[in-house]
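Engineer: There's a structure below that I have some questions on.
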Amino acid sequence: MPVIRFYDGSQQVYEHSVSLIEIIKNKKPSIMKSLIAISVNNHFSNLNTFIREDAFIEFVDQKNYKALNIIRYSCAQLLSYAIKNIWPLAQIATSNIIEDGFYCDIDFKRSISEKDLILLENQMKMLVKREYNILNKLISYSEAREIFQKCFEKYKVSLIDENINCNSKVSLYYHENYADIDIGLQVFNIKFCKYFKLQKIGGVYWKKNKNNKMLQRIYGTAWTNKQELDKHLDYLNELEKRDHRKIGKFLQLYHMQEESPGMIFWHNKGWIIFNELQNFVRVKLKEYKYEEVKTPLLIDKLIWKQSGHWDNYKNAIFTTLSEHREYCIKPMNCPGHVQIFNSRLKSYRDLPIRMAEFGSCHRNEPSGSLHGLMRVRNFTQDDAHIFCTREQVRSEINDCIKMIYDLYSTFHFKKILVKLSTRPEKRIGTDSLWNESEKDLSDMLIENHLSFEYQSGEGAFYGPKIEFILQDSLDRNWQCGTIQLDFYLPLRLSSFYINEKNEKKVPVIIHRAILGSIERFIGILIEECSGNLPTWLSPVQVVIISITDISSGYVKELFKKFSDVNIRIECDLRNEKIGFKIREHTLRRIPYILICGEKESSSKKISVRNRQGHNFGMIDVDFFIKKLQKEIITRNFYQMEE
C-alpha cells in the first residue's frame, strides 16, 4: 500500500503498486504535454516505472524552476551524441552544465572551427526532430566499463574507475544507441531541447591539470522557450558590442601578444586612462591621510615562506634565480609593506600607519583563464595596509568604508553589493577574537546604513572580510573592493610596536583595496560605458575639425588655446567631407567635436557637438573652455547638456 507524497505537500494512498502514468492521470493529467521529467525520491524515473513502496514524487514541467538545468543536462549529452555521429573517432571526455548553458570537452585530432559549430548545431537540430525518448539505466560497474572500453572511450573508463566503487551501480543515459555517464537529471523526450545555440570553442586541460592533455571545449546555451533564448542571445550580442578587447583595439588603448601572455602593452591613449585613474586614487589617498610607498618586484623566497604565501600560493608565484638565491616576483604587496613597518621601531603613538602602493604584481594564472584586461598575469593593485592597534580597528574600518564609497560614487554604477565573509572552519585565533572582529565589521556596515549579506565560512583563515561588488548596467557583478582583517601576517613576520606600558604588542593589519586591479577596473569601465568614458578619463577630450582650408589658421589657434589649459585636444585638417569627419570622431568616442568653418573663424566662436549627437550651436570659446574645465576638474561622469 504505497503512500505517494507530492512536492506541493499533498499525498495519495494506493491499494497496490501503481505506474507513474497512472499517478499522473490521477493527480494532474493536464501536465502530460509539458512534462519533461519525473523525480522519484530525487532520482530520475521512466513513465512506465511502477511504484511499490512509499515515495516522494516531483513532476517537472517547463514552468518548474528545475526545468532549465534538466534541459541543459540533456543538451550537453545531445551535443556529445552529435559529435559522435559526425566524428566517430572523437573521444568525449566530459560534459556538464554551467551558468546560462552547457559544455562538452572532447579529444579530437584537429582543431574545431566556427564552421564545425554550425555542422554540430544542425546535427543536434536533426536529432531533436526525431523526438526520441531518453532512457536511464542502472547497470553494474563491470558492464558500464565494458560499454565504454568497446567504444574506445578512455576518458569515460577513467571517470568510472576513479569515481565509482566496483560494487556500485552506474547510472547511464541513452540517447538512442548512444550511452553516456549520468551527469544530472534529463528530459523524458529530446523534443524539449529545441531552444539551444552553440557559441564558442575553448581549451581546457583534462581534470584542470596542466600536465594532462589539452582538450577542446565546446560551449552552448539552452533555454525552455524561444523568447528566453532570443533574449539571452540579444544580451550576448550587447556584451560583444561592449567587449573591452574589441573597443580597446579599435581605440588603440593597448594590445597583448603571445610572446608575453597575460601582460599588457599600454599604448599612449590607454596609458592616459591608467594614469588619470591612478592620479584620482592618489587624490583620495592624500585626503584620507595615507602614505604612498613602493616595494621591490623581487623579494627573497624566504620572506614568502615566512609569510605563508609560498605554502598557499606557490603554483601562482613566478620565481627567478640570481647568484644561487631564489627570488619571488611579488604576487601581492602585503609582505613588502610589513618589511617597511618592521624597518624601524614603532610606538603606539605612531599608529595607525596607512601604507598605500600601486604595486605591480605578477601571478601565474593558467593560460586558458586569461581574458583581456579582466584576467592577466601582471596587474597593478591599488593596495593599502593599515597597521593599527586593536582599539583603532573600528575607526579605521569606518574610514575605509567612507573612502570606498567616496571613490565609487564618481563612476555611477547601478548598485554596490556588500558581503561580509565570516570565520571558516580552519582558522587561527580564539572564538572571542573572531566574535569581536566580525562584530566590528558588521557594526561599521550598520553604522554606515549599508545593507549586506553574510557569507558564512567564506572569510580567510586569518580574519573576516568585507567585499564590495559593483553591479553594472548589464547586471553583472564585479568584486573590486575589500576590507580584510589580518591577525596572522604580523605574527608570522614578527611585527610589533611598543605600547604605553613599554611592552611589545602585535599590530592588527587591515588590507584595503578599492579598484582592485587598475587594469581590470579599466576593462570594467570600458564595458560599462561602451568605450564612452567620462571626459576627465577620455584620452582625447576634444577634437577640432575644419570645414575648409580657409579656417585651418583658426583651428591651429584654437588648438593652442585648449592645449595651454591642459585640455587633451586633436585637430583634423584633412580635406574630407564634414559628415565623414564627424562620424569618424564619434566612433572614436571623443566627448566633444568642435566644428570650425568660415562663420566660426570670422566671429571667433566655435560650433560644439557632443558624441551623443547633441548640437550646442555656435558658442563663445572661453565660455565653452570654462564649462569643459569644470566638467573635467569635478570628474563629472556625464557630459554637459547646454
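For all residues, glycine too, the Cβ spot is worked out from N, Cα and C.
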Engineer: Based on Swiss-Prot, name the residue from HIS362, HIS371, HIS385 that is recorded for the same Zn(2+) site as CYS334, HIS511.
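Structural biologist: Record source Swiss-Prot; matching candidate: HIS385.
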Engineer: Given a separation of at least six residues and a C-beta threshold under 8 Å, show me what packs close to HIS511 (Zn(2+) binding site) in the same chain.
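Structural biologist: Expected: CYS334, ASP383, ALA384, HIS385, LYS465, THR482, ILE483, GLN484, ASP486.
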Engineer: Mind checking how the domain 'TGS' (1-61) divides into helix, strand and coil residues in DSSP?
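Structural biologist: For the domain 'TGS' (1-61), the helix, strand and coil counts are 14 helix, 26 strand, 21 coil.
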Engineer: Around the Zn(2+) site formed by CYS334, HIS385, HIS511, list the extra residues of the same chain whose Cβ is within 8 Å of the site's Cβ centroid.
Structural biologist: MET332, ASN333, HIS337, VAL338, ASP383, ALA384, GLN484, ASP486, LEU489, ILE509, ILE510, ARG512
